[in-house]
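Supplied in structure tokens, the structure appears directly below.
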Amino acid sequence: CKQCLAQGQCIKGDIDTPSDYLCLCPRCHFGSKCQHNTELFSFNLDSLLSPDLLSSSLVNAKLSLSMYIIVPTVLLIYGTISNLLSLVTFRQPRTRLNGAGHYFLTGTIFSQVSLFCLLSKILHIIINIRGLFIQPIVNTVLCKILPFLLSSSNRIGYWLIVFVSIERIYVTIYPTKRWLQKPKIAKTIITLITIFTCASHVHELVKYNIVDDPKYTANGKWCVTQLSRSLQIYNQTNTMIHYLTPFLVNLICTIVLLILIARTRANADKNKSRWKIFQEQFKKKKEMFIPSMIHVINALPHLIISFSLICSDLDKKWQRYMLIISYFAAYVPQCLSFHLYVQPSKLFLREFHATKMWKTLSGSRRTMN
């Protein structure tokens, strides 16, 4: 009996019945084949969605299927509109005179990739569980490439916002210097971030594989990783770096930026309280804070829940649903690129109003009125 993964102990029943076996899973693993891992930052969509998709209640299974398709579809549709408006804006030359415009342009592209991969991954899970794949090679390729693209594109976006925050602190401290604002520097940083992030996730391309699971359906399959202990530690460390470092840097940069601007204005205007100046500067320069603040606020629930449920069996529905909600919520900033990057900025919004798309949209609106 060799059905169990993660070094689980396999107990075989009837030799002639492929599905008659039982896996005794090691700590932090569960599932019919011990395929699901609940160690730190090891939760995946398969383990979170499969209990609902495989529910014995037909009504619950159909309702879950509909919800898990509708939510990422809505995110993708809204995100496509928002990202398209952002792309049109950041294609304007004046938006890319500084590094921030290049970071936002690249971040918008990767946001769209991550939203597309999110929906594709969920559809892949559903098709796999139901055993509907005809071409094994295509299934294996999708199993390997979708998690890789989903992880990489999402985390590249985190790092790009970090460098936007760093650039804005640099401008605040050194208002007359332009080294870190140069487009050439930004392009170099973007290239290095992309190479570094993709290289750190190469193991996903190698270690994700398709395994059969006859316990649920005759042709049911799982897309799972089979990592050695050393590679498991690397994967956890890698994920922690890509989550925690951007989160902490964004948080620190936001606080430092607020303090620096408030202090500068306080020295210039002695008649106002620091809190009053703080409020005024926040409203005046909100485009400098909103992207990093939204990413910090959005990442916080997922981090807290992930740490709270380490090695949990997820036997309580609310635990799993909290993880699912926080997982989907982590993709909300990818849908809001136009609202986060363009609308708060007078320069970017003015450049958007100069585009052919805006003129066409505003012209159509006047015609309708």
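A Cβ is built for glycine as well, from the same backbone N, Cα and C atoms used for every other residue.
Nobody curates TrEMBL annotations by hand; they come from automatic prediction.
Note that the coordinates shown come from a computational prediction; the quantities given were computed from them, not determined experimentally.
Straight from TrEMBL, here's the annotation block:
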type     : residues : note
TRANSMEM : 65-88    : transmembrane segment
DOMAIN   : 82-341   : domain 'G-protein coupled receptors family 1 profile'
TRANSMEM : 100-119  : transmembrane segment
TRANSMEM : 131-150  : transmembrane segment
TRANSMEM : 156-173  : transmembrane segment
TRANSMEM : 185-203  : transmembrane segment
TRANSMEM : 240-262  : transmembrane segment
TRANSMEM : 288-309  : transmembrane segment
TRANSMEM : 321-342  : transmembrane segment
For the transmembrane segment (321-342) and the transmembrane segment (100-119), check the count of CB pairs under 8 Å (sequence separation 6 or more) and say whether it reaches 3 or more.
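Yes; at least 3 Cβ pairs under 8 Å.
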Any chance the transmembrane segment (240-262) and the transmembrane segment (156-173) have 3 or more Cβ pairs under 8 A, given the pairs are 6 or more apart in sequence?
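When sequence-distant Cβ pairs are counted, the transmembrane segment (156-173) touches the transmembrane segment (240-262), since at least 3 lie under 8 Å.
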Short question: which residues 6 or more past the ends of the transmembrane segment (288-309) have a Cβ under 8 Å from it?
38, 40-41, 43, 158, 161-162, 164-165, 168, 243-244, 246-247, 250-251, 253-254, 257-258, 261, 282, 319, 322-323, 326-327, 329-330, 332-333, 336, 340-341, 344
Applying the under-8 angstroms CB criterion, which one of 100-119, 131-150, 156-173 scores highest with the transmembrane segment (185-203)?
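Answer, by Cβ pair count: 156-173.
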Could you tell me the mean pLDDT the prediction assigns to the domain 'G-protein coupled receptors family 1 profile' (82-341)?
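Computed over the domain 'G-protein coupled receptors family 1 profile' (82-341), the mean pLDDT is 85 on the 0 to 100 scale.
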